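Pulled from TrEMBL, these are the features on record:
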type	residues	note
REGION	320-342	region 'Disordered'
TRANSMEM	28-46	transmembrane segment
TRANSMEM	105-125	transmembrane segment
TRANSMEM	132-153	transmembrane segment
TRANSMEM	165-184	transmembrane segment
TRANSMEM	196-215	transmembrane segment
TRANSMEM	221-240	transmembrane segment
TRANSMEM	252-275	transmembrane segment
TRANSMEM	287-307	transmembrane segment
TRANSMEM	372-388	transmembrane segment
TRANSMEM	394-413	transmembrane segment
TRANSMEM	425-447	transmembrane segment
């Protein structure tokens, strides 16, 4: 009776009762979580500074009016301001639902942006290699291999810069960019999970349309990051796509069309009008100063890029072979025509030259078929264009221009052992470079001063202006002369007579005129009549002055800061907020 029964063999081991495998975290999941925890704490311990006031002001304006926000820093219409992106609108909705202030929303955005960034890194590196430790090494290279001078800009991903910029839209946009590159690479290689295919055997159109929507979202959130995102899309498609049939071309055209459609449909501003706007170029001129000190450690990734290019060239001999055949054929035909007329000889010589051009083109194509190599070259060309043309804003992609070299180095060093001598040397150099970068620039971002045995350079510690905001009602206009105050006050809901930053929603000539009026108000030889005219013109109610400026005789001092010595004085009519 038992002969026809199937007997289940006993299962031994720790998973016998569970009936499955034990989940084990990958190295990147472990170190990525630790990095997220450390960087979130580092971001929270440092006072928000620099552009944070602008981004907090955007949240405050959207919290006040979601559909028709005012100018981020002045009592002016905000229609056309690129700061009102889908990311900012989502923050504004969150602030309205929770009642949180703009500064608090910015604090909470940092860890969320870091999750998007880390998952994007993991997904992109997995698209490049299946080596388990490659994402960990990519994270280390991306945050440490910069230079030995501090580079602090939005969109720069060194530890020091991230300690202040995690809550910015640029960080979120870069994380989405990594996701977009990974998904683009999977589509180009046709290695992603495909649920539905069309009659041609290609993935259905919805995936390409969704990818286009993602690129359109990046364009709206941070337009300058979208430049690097598009370059990456070109690099991955050109490097990995095979079989350029009309159906394939149509799918990638759909991706581009959807991206443009999503960006053009956004009602708050016209993103395409920003392409010819030179108002922010002057402030980005400094990006091109001290490039060696800011980025030289990233050059350790150049040998890895060269190795990737060489391997790709060896793996694609057909292009060079075809070109060589063309040269040999041209030479043969030229030899056959040696006894012919001179015109025929010139034609054959032209064919030889054309064959040589094909050889050169084939070799170039073979060397740049790797997406990271091509992306690095394209990034360098755009950065060089920004310098040569005077459109220095394009220098903002310098941070992402380092990523191909950093990630190529990580993939190279994640290779299984034994290593050849060249890779061992590269590994030692990379480890030394990471230590140098950490000790000279990056350590202060994650090592608190109380635990610092060396005296690492710390992130900027700007003063806060809650003491002044207690007296200033949202929407009241302030004249300030201090750099910190000018860049921070709007984040508390106040308006400035002269906005600190250029904005597409305000003509730059008007902003400069307002700045000139403020300078005239603060001038030592300013008369009471001139000051009264400025107060009436811009509805000024408050002055926030450093200790280097004497308060006018008509001003009434309301509060002062023990830390900075700044004073808050009332000059306009008394309002309900002046007695709080």
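Cβ from N, Cα, C; glycine included.
Whatever TrEMBL says is automated annotation, not expert-curated.
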Problem set entry | CB contact flag for the transmembrane segment (28-46) and the transmembrane segment (287-307), at least three pairs under 8 A | no
For this session: Residue list, the transmembrane segment (252-275) vs rest of chain: Cβ under 8 Å, 6 or more residues beyond ends.
Result: 79-82, 84-86, 89, 205, 208-209, 211-213, 215-217, 219-220, 223, 233, 237, 241, 504-505
Seminar exercise, completed: In the same chain, residues at least 6 away from the ends of the transmembrane segment (287-307) whose Cβ sits under 8 Å of its Cβ atoms read 141, 144-151, 153, 370, 372-373, 376, 386-387, 392, 395-396, 398, 402, 404-409, 411-413, 422, 426, 429-430, 433-434, 436-437
